[in-house]
Amino acid sequence: MAAERSFIAIKPDGVQRGLVGEILGRFERKGFKLVGLKQLTPSRELAEQHYGVHKERPFFGGLVDFITSGPVVAMVWEGDGVITSARKMIGATKPLEAEPGTIRGDLAINIGRNVIHGSDAPETAEFEIGLWFNPSELSDWTPSDQTWRVEG
């Protein structure tokens, strides 16, 4: 059985504030495996597809403007329960409601600048990974310390 994968993106505010290493480190220390990584400034088309579920919401235009305003670090992380675990690590969408110890709880204040995005379900992860990455951009590899990360 293939391990679960999740799409995680460090938004322009996180990149501009120099938080990439801090965030990557949290996922690595948790024991998840990085299988895709790139930095890009998203096109408007990509942003509109990514946030398509919010198209009719009043904040849609501002959200698209923000995510296309600078570089984003797009990642695919793999591991048992990575989607649920990543959401817990990220914290509540509204940073002031996020628990201390979460990425947003520690590193963000405002909902419009909440540093990071993470897939919320397997179907969403599959869609987002396919939107942001070509299959050839994902690495299938085994960390040398794999037996120390997970059983079996």
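Using the three backbone atoms N, Cα and C, a Cβ is placed for every residue, glycine included.
Now, the feature entries from Swiss-Prot:
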type	residues	note
BINDING	Lys11, Phe59, Arg87, Thr93, Arg104, Asn114	ATP binding site
ACT_SITE	His117	active site, pros-phosphohistidine intermediate
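Only Lys11, Thr93, of the binding-site residues Lys11, Phe59, Thr93, have a C-alpha within 10 angstroms of the C-alpha of the residue listed as 'active site, pros-phosphohistidine intermediate'. Sequence-distant contacts (6 or more apart, same chain, Cβ under 8 Å) of Thr93 (ATP binding site) comprise Arg104, Ile111, Asn114.
Looking at Phe59, Arg87, Arg104, His117, the recorded positions in this record, the fewest other C-beta atoms within 10 angstroms of the C-beta turn up around Phe59. Per the record's binding annotation for ATP, residues Lys11, Phe59, Arg87, Thr93, Arg104, Asn114 show a top Cα-Cα distance of 22 Å. Shown in sequence order, Phe66, Ile67, Val72, Arg113, Asn114, Val115, Ile116, His117 are the residues of the chain, 6+ apart in sequence, with a C-beta less than 8 angstroms from the C-beta of Lys11 (ATP binding site). The number of other CB atoms found within 10 A of the CB of Asn114 (ATP binding site), across every protein chain shown, is 22.
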